[in-house]
Structure formats: structure tokens, C-alpha cells
């Protein structure tokens, strides 16, 4: 997902407390995908209610968001709109991967291979419209704002940070920098120990921040050149050049100046290059949004999560209390200004 330029970026470890009282524009689809991939049972089966409806995303949204606001963080979730036409090939490939993974998951379960089953189950995750609508509803009754982007959610989130309506973008993908995001937080949705896919190895997943200007200075390039590097490697809108990884792409762009010169040197072309560039430099965004946190509605949370989706009443009530306490602390901070 996104572009593979992570090895070039300057990453810095931070704590949740470092984001206290900061507005974080969260890439909603990216975050929901993480919840759907990770919150699963041993055989890879997602959490479901008594009717068989998937609820892993609701669990992740409720409990992780409660932890974030409890830490003083002010999240606003940004949902993707209609994808650009140039993304259709990538979306088709992802669909094929999901369908293949789903078949392999069923086979692995039948064979009793739980490790393989879990791996393939993660790759079969899909954020559908019902999941999106349920997530928006849950955020609303939690008192957490969400915004519908006209196109790419990461582009909208980056725009909001550039406008100073938010302080950070939160996403696992690196596309945010191509859209101009000054600061991006990674691993905000899930931290702690994670098992590497296909390996009996666990790694610590820690919160980290990447700053665009710091990276550009270290690489001695500008943002347009970073976009060109990403296009060389491959983005959601193009496959990239054969056998060109991020480090090779960096050398090529620094040597030749831009991607047009690289393509001339290699006697190659990338179809729709200028359109691809424009999707990053002039993305479709909206100014029609409001960021407002409100008190959670405990009654609606109980009805939606416990009565309709079989969540533990005790756990939901505790999460609601955490959200209420954070909302009260936020209001107290605001009152100090007036």
C-alpha cells in the first residue's frame, strides 16, 4: 500500500505523551485496515457478533481511541472518497491478493496450520462500505470528529496539517509526504510486540514521527524530487521502473535532477507521468469541514456496541467513562483560555 520509500526517511521514536494536546488527522482507511488485520483469533478469524458480522474494527476504534484521548491526543478521522482513475489497476491487484489470500486462509484452517491461516487471514482484510458507515457512526457517538475527503484521505489530512488545522497526519503509508504533509506519526493505531508475517519472530512496534523538512535536508533534495523518487519506485498510480528501489531512485534523481531526465537517460517512459505528479502536487481536497470534539453518548454506545454487536457492557461502560473524563479535561483546558 502506498509507496516504498520508508528506508529513505528520517524516523524518530516518540511517546504518546509527546502528542498530548495535539490534533492528529488520522488516515481512517489505513487505521481500519490495521484493526481488521490484527484483531483476530488464533486461526485468523475476525471478531464477529452473533449474526456473523465483523466487529474487529469497532473494537479497535473504541479501545484504541479511548487510549489516545486519555493521553490528551485530539484525533480527527479522515475517510477516503472516490479514488483517482489512475489507482484502478492498484485496486484491482489488491482485490486479487485478497481473494487469493482468502482461499489460502480457508485451506490452511482446514489443514490445521494456524500460523499460515493467521498470515493469510490478515492479507484477506477488506474495508467495505458497511465497515466505513459503522465506523463513522461509532466515532460520532464517541464524540470524535470525522471528515469525508473528496478523494484521497491522506491528501486531505496533509492539507489540514498544512493549513494548521491539525498538527500531524497519522498513517502507516508514506504517501502523506508526497502530498506535502510536514509531520507524520506512524504506529499510532497499534503499538507493542508484533509477530512478523511468516516468521516466529516478534518485534517491538514503537510510536515514531517523521518530519518532511528534516528528511529533505538529510537527503539534499526537494519535495518535487521526493515525488519523482516515489514514482521511480512505484506508487498507487504507477508500477515504477524495473529493478529500481528507493536508494537507486535517490541516486538517479540526485544525478539527473528530475524524473524526466532519468527517463530520457534510460530511454523509457511512464504513461501519464504529468497526471501522476499532479495528483501529488495538486490533490483534490475540501475546505468544507468542521473539527469539533463532543461528549460521548453512553446510551447510544451501549445500544450499538452491546445490544447490537455483543460487546461486553462492563468494558464499553469503562471505555465510555474514559472518553467522558478526557472530554471533561479537554473542556477544562479550553475554559482556561477564556
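Keep in mind that glycine also has a Cβ here, set from the backbone N, Cα and C atoms.
DSSP classifies residue 27 (Mg(2+) 1 binding site) as strand under the three-state reduction. Using a 10 Å Cβ-Cβ cutoff, residue 27 (Mg(2+) 1 binding site) registers 31 neighbours. Annotated Mg(2+) 1 binding site per Swiss-Prot: 27, 80, 152, 154, in sequence order.
Reduced to three states, the DSSP call for residue 236 (Mg(2+) 2 binding site) is coil. Annotation comment: Swiss-Prot describes 173, 175, 236 as Mg(2+) 2 binding site, evidence class sequence analysis.
Per Swiss-Prot, region 'N-domain' is recorded for 1-98.
For 116-257, the entry in Swiss-Prot reads region 'I-domain'.
Summarising the annotation, Swiss-Prot assigns region 'Interaction with PCNA' to 330-338.
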Helix, strand and coil counts within the region 'I-domain' (116-257) (DSSP): 66 helix, 24 strand, 52 coil
Which same-chain residues, if any, lie at least 6 apart from residue 152 (Mg(2+) 1 binding site) yet have Cβ under 8 Å of it: 80, 81, 83, 84, 175, 179, 279, 283, 284
Candidate with the highest Cβ count within 10 Å, taken from the binding-site residues 154, 173, 236: 154
Sparsest Cβ surroundings (other CB atoms within 10 Å) among the binding-site residues 80, 175: 80
For the region 'N-domain' (1-98), residues assigned helix / strand / coil by DSSP: 47 helix, 18 strand, 33 coil
